[in-house]
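A.B. asks: As listed in Swiss-Prot for this protein:
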type	residues	note
DOMAIN	11-98	domain 'Phosphagen kinase N-terminal'
DOMAIN	125-367	domain 'Phosphagen kinase C-terminal'
BINDING	128-132, H191, R236, R292, 320-325, D335	ATP binding site
MOD_RES	S164	phosphoserine
MOD_RES	T166	phosphothreonine
MOD_RES	S178	phosphoserine
MOD_RES	T180	phosphothreonine
MOD_RES	S199	phosphoserine
MOD_RES	T313	phosphothreonine
MOD_RES	T322	phosphothreonine
MOD_RES	S372	phosphoserine
Amino acid sequence: MPFGNTHNKYKLNFKAEEEYPDLSKHNNHMAKALTLEIYKKLRDKETPSGFTLDDVIQTGVDNPGHPFIMTVGCVAGDEESYVVFKDLFDPIIQDRHGGYKPTDKHKTDLNHENLKGGDDLDPNYVLSSRVRTGRSIKGYTLPPHCSRGERRAVEKLSVEALNSLTGEFKGKYYPLKSMTEQEQQQLIDDHFLFDKPVSPLLLASGMARDWPDARGIWHNDNKSFLVWVNEEDHLRVISMEKGGNMKEVFRRFCVGLQKIEEIFKKAGHPFMWNEHLGYVLTCPSNLGTGLRGGVHVKLAHLSKHPKFEEILTRLRLQKRGTGGVDTAAVGSVFDVSNADRLGSSEVEQVQLVVDGVKLMVEMEKKLEKGQSIDDMIPAQK
């Protein structure tokens, strides 16, 4: 596995020019931002836990680009990475998050009552609704860098916290290594569990080391509230259900997440957060809220409309295939979610999804009847 920063000192025997990666064929945010000057300036630096510039960029060097989406091409190994390597991370964050400046402040709003509507998305079109976020536990390094012992400590802490939840959140933890192949595959097929670590982005960044040690899934009894432990982030918190009631999904998400955060705080392990980056996560694309509010929505006609991409962009939404980031749409069903993470709040981001999906379903219905939607094309939000 292409990973290991053990010989950083040895690399300094070579000139920066000799070590600088060839990024001429690359299409990711890191490749755009990493000049030779920045490489020279940062290559001998490391965070207190020993994460280096080459560790930050390796995944983007090994994965030049993705056909559908502009990938970020770098990861953080710990909370300090964003400070020590800010000369690289700042331009990447600015580029990825619509001009978000190093002086900007992020805002958080997890009061679900501030969401307007969302309980009336047409279930004939909106097949399922889901909101997820990531959280990192202060005092531990992140998945690209953590040791086995550290990863197991994160798992132990998380399971103790999650097992103390009650009521609608009462549930159970299922460690990956005690699952059979069949059980695992079933959970993946049902969209409950993260995939096996075949993604080159996971592999090249070192996040899949020691797999499946100390990874698992915790979920409540009716599988509407789930927590992944030690995949790309320490925790991924997910609220989901069939149909179009995003209001209820978001309520459960906010309430459950705040309960978990409270338990971790009491145990002396708050989540990583600062007022500039919001919640600190492994991938710079998730900074801020870490939130992706998405629906599986059937858009047989709209998806063939020449303005489909433009409509999504104007609504500040993005689409993925039915099975997630690397997949195609099956039966005109798309995974549509908020494009923004940083600089706007959780409520604002889910509001964009609710309002935007509602509009797109109305457009779809008009197109079914053979009517024009030109007068419905939204302005840029």
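Using the three backbone atoms N, Cα and C, a Cβ is placed for every residue, glycine included.
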A.B. asks: Here's one to test understanding: among the recorded positions R130, R132, S178, T180, R320, whose C-alpha is closest in space to the C-alpha of T313 (phosphothreonine)?
C.D. replies: R320
A.B. asks: Return one of helix, strand or coil for T166 (phosphothreonine), based on DSSP.
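C.D. replies: T166 (phosphothreonine) sits in coil per DSSP, no helix or strand.
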A.B. asks: Quick one: of the modified residues T166, S178, T180, S199, S372, which has its CA closest to the CA of R320 (ATP binding site)?
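C.D. replies: Closest by Cα: S199.
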A.B. asks: What does the structure give for the C-alpha distance between R132 (ATP binding site) and S199 (phosphoserine)? Integer Å is fine.
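C.D. replies: Checking the Cα atoms of R132 (ATP binding site) and S199 (phosphoserine) gives a distance of 20 Å.
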A.B. asks: Measuring Cα to Cα, how many Å separate S164 (phosphoserine) from R130 (ATP binding site)?
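C.D. replies: Here the two Cα atoms lie 24 Å apart.
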A.B. asks: Can you figure out which of S128, T166, S199, D335, S372 (the recorded positions) comes closest in space to S178 (phosphoserine), comparing Cα atoms?
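C.D. replies: The answer is S199.
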A.B. asks: Could you work out which of the modified residues (S199, S372) has its C-beta surrounded by the smallest number of other C-beta atoms within 10 A?
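C.D. replies: Across S199, S372, these modified residues, the one with fewest Cβ atoms within 10 Å is S372.
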A.B. asks: Just checking, which of S128, S164, T180, T313 (recorded positions) has the fewest C-beta atoms within 10 Å of its C-beta?
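C.D. replies: Each of the recorded positions S128, S164, T180, T313 was scored by Cβ atoms within 10 Å; lowest is T180.
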A.B. asks: CB neighbours of T166 (phosphothreonine) within 10 A?
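C.D. replies: The Cβ of T166 (phosphothreonine) has 8 Cβ neighbours within 10 Å.
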A.B. asks: Just give the helix, strand and coil counts over the domain 'Phosphagen kinase N-terminal' (11-98), going by DSSP.
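C.D. replies: Split into helix, strand and coil, the domain 'Phosphagen kinase N-terminal' (11-98) gives 42 helix, 4 strand, 42 coil.
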A.B. asks: As a test of the contact definition, list every same-chain residue at least 6 positions from R236 (ATP binding site) whose Cβ is closer than 8 Å to its Cβ.
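C.D. replies: Listed in sequence order, they are R132, T133, G134, R135, F194, V227, W228.
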A.B. asks: Run through the Cβ atoms and count how many others sit within 10 Å of the one on R320 (ATP binding site).
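C.D. replies: Around R320 (ATP binding site), other Cβ atoms within 10 Å: 20.
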A.B. asks: Rounded to the nearest angstrom, how far is the Cα of S128 (ATP binding site) from the Cα of S372 (phosphoserine)?
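C.D. replies: Rounded to the nearest whole number, the Cα-Cα distance is 27 Å.
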A.B. asks: For the domain 'Phosphagen kinase C-terminal' (125-367), what's the mean pLDDT in this predicted model?
C.D. replies: 94
A.B. asks: List nothing but the one residue from R132, S178, D335 whose Cβ has the fewest other Cβ atoms within 10 Å; the candidates are the recorded positions.
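C.D. replies: Across R132, S178, D335, these recorded positions, the one with fewest Cβ atoms within 10 Å is S178.
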